[in-house]
Amino acid sequence: MPSLEISDLKALAKRRVPKMFFDYADSGAWTEGTYRANEADYHKIKLRQRVLVDMTNRSLASTMIGQKVSMPVALSPTGLTGMQHADGEMLAAQAAEEFGVPFTLSTMSICSIEDVASVTTKPFWFQLYVMKDRDFVRNLIERAKAAKCSALVLTLDLQILGQRHKDLRNGLSAPPKFTPKHIWQMATRPGWCLKMMKTQRRGFGNIVGHAKNVSDLSSLSAWTAEQFDPKLSWDDVAWIKQLWGGPLILKGILDPEDARMAAKTGADAIIVSNHGGRQLDGAASSISMLPRIVDAVGGDIEIHIDGGIRSGQDILKAVALGARGTYIGRPFLYGLGASGKTGVRLALDILRKELDITMALCGKRDILDVDRDILDSDAGQLPR
Ligand code: GLV
C-alpha cells in the first residue's frame with residue numbers, strides 16, 4: 001500500500017519504531033489537550049474554492065530569514081531523532097538538503113553537530129537550549145559556527161520540562177535501558193535493532209564528551225531538571241545574540257506581549273509555538289494565536305509557526321494567516337521511523353503535493369501571493 005498522507009507514515013512508524021521512542025514523538029504534556037488542539041484547529045479554517053483561474057507555472061519557492069526555500073517549510077528541531085531510526089538526524093538533514101528546505105538540529109539530538117556537518121554540503125540550522133553551564137553554551141555556539149550553521153534557533157519555552165506521561169510510563173532513555181520491558185519493545189522491531197547495532201550513535205551526541213559534571217544523561221527529564229537554566233531571561237537572549245552574531249530565530253512565542261518583547265531583541269524571526277503541545281498543556285493552539293501575533297508584530301519581525309501541521313493544506317492556511325515559514329516535526333519523524341531518509345523525502349513530497357494542489361484550487365499560482373483572501377471568513381471559525 002503506498003503512503004499517501006502523513007498518517008500512513010505514522011502508522012508505518014508505529015510498527016517499526018520501539019514503543020518508547022514512537023511515543024516520545026507522539027505525545028503532549030499532561031492531558032495532551034493542546035497537542036490535539038494544534039491539529040484540530042487547522043481543520044476549523046475553511047478555504048475559498050475558486051475556478052477558471054490560470055493554474056499554469058505554479059511556484060512554492062519562498063524565503064525564510066532571507067534564505068531560499070523550495071517551499072516555506074523547515075524541519076523542526078526534535079530531540080532523540082536518532083532513536084526513531086539509526087543516524088536519524090544525518091539522514092533527515094540529507095533529505096532536507098536534497099529537497100531544498102532547512103534542517104534544524106536539536107541540542108538534544110543523537111547525532112552531533114559535527115556528524116550532521118560531515119554528511120551535508122549546505123548549511124543547516126542549530127537549535128540551542130541554554131544550560132546553567134555557560135561554558136558549555138559558549139562551546140555549543142562555537143561548534144555551530146565552526147559547522148557553518150546558517151541560523152541559530154533559540155528555544156524559549158523549555159526552561160523546565162512539561163510532564164509527558166507516556167515518557168514516564170515507558171521509562172524513556174537514550175541509550176535505551178535493558179530491562180525486560182525495553183528489551184521486548186526493541187526485540188519486536190528487528191529492522192530498527194539491526195540498523196541501530198551498526199551505528200555507534202546512541203547517546204546525546206552534542207553533549208556526551210562536551211559537558212562537564214553531567215551525572216545522568218540518559219534521562220531527558222533528569223538532564224533538563226539538572227542542567228537547563230530556569231532563570232533564562234531576555235538579557236540572556238541579548239547575550240546569545242551577541243555571542244552568535246548570525247541570523248537568530250526565537251522559538252516558543254505564543255503571546256502577543258512576548259512577541260513584542262521578542263521583536264525588540266532584533267532577532268530575525270520568531271516561531272509561534274507551544275512546543276508541539278509538549279510544554280504548557282491548556283495553552284491555545286499555535287494557529288489560533290497566529291493572527292493576534294501577526295497583528296502585534298507582523299510589521300516588525302518575520303513570523304514562523306510550528307505545531308499541528310500534518311498536511312500541505314495546513315501549511316497554506318498558516319501562510320495565508322501571515323506565517324512566512326512553517327516547521328514540521330512529527331511528520332518528518334514519522335517518515336524517518338517508517339523508512340529512513342526515503343521516508344523523510346516522502347513526507348516532504350506528500351506535503352509539497354498537497355500544498356501545490358490546494359494553492360491551485362484556491363486560485364493562486366505563487367505562494368508569495370497567498371494571503372487571507374484565500375480563506376473563507378464566514379465558514380468555520382477563522383481565528384480572529
Ligand atoms: C524536547 O525538546 C522535547 O520536547 O522533548
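Using the three backbone atoms N, Cα and C, a Cβ is placed for every residue, glycine included.
What you see is a predicted model, and the numbers here were worked out from it, not measured in a lab.
The domain 'FMN hydroxy acid dehydrogenase' feature in TrEMBL is assigned to 1-380.
Reduced to three states, the DSSP call for Tyr129 (glyoxylate binding site) is coil. Within the same chain, residues at least six positions away from Tyr129 (glyoxylate binding site) with a Cβ under 8 Å of its Cβ are Thr107, Met108, Thr155, Leu158, Thr224, Phe228. What TrEMBL lists as glyoxylate binding site is Tyr24, Tyr129, Arg164, His275, Arg278.
In this structure, Arg330 (FMN binding site) is part of a helix by DSSP. Taking Cβ-Cβ distances under 8 Å and a sequence gap of 6 or more within the same chain, the neighbours of Arg330 (FMN binding site) are Ile6, Lys10, Ala25, Asp26, Gly276, Arg310. The feature FMN binding site is assigned by TrEMBL to 77-79, Ser106, Gln127, Thr155, Lys251, Ser273, 306-310, 329-330.
In this structure, His275 (glyoxylate binding site) is part of a helix by DSSP. In sequence order, Thr155, Asp157, Leu158, Gly162, Gly252, Gly307 make up the list of same-chain residues 6 or more apart from His275 (glyoxylate binding site) whose Cβ falls under 8 Å from its Cβ. Residues or ranges marked as active site, proton acceptor in TrEMBL: His275.
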Sparsest-packed among the binding-site residues, when each Cβ's other Cβ atoms within 10 Å are tallied, from Pro77, Gly79, Gly308: Gly79
Sequence-ordered binding-site residues from Gly79, Arg278, Gly308 with Cβ under 6 Å of an atom of ligand 1: Gly79, Arg278
Assigned conformation of Tyr24 (glyoxylate binding site) - DSSP reduced to three states: helix
When distances run from the Cα of Gln127 (FMN binding site) to each of the binding-site residues Tyr24, Arg164, Arg278, the nearest one: Arg278
Entries of Gly79, Lys251, Asp306, Gly308 which, being binding-site residues, have CA atoms within 10 angstroms of Tyr24 (glyoxylate binding site): Gly79
Neighbouring C-beta atoms (10 Å sphere around the C-beta of Arg278 (glyoxylate binding site)): 24
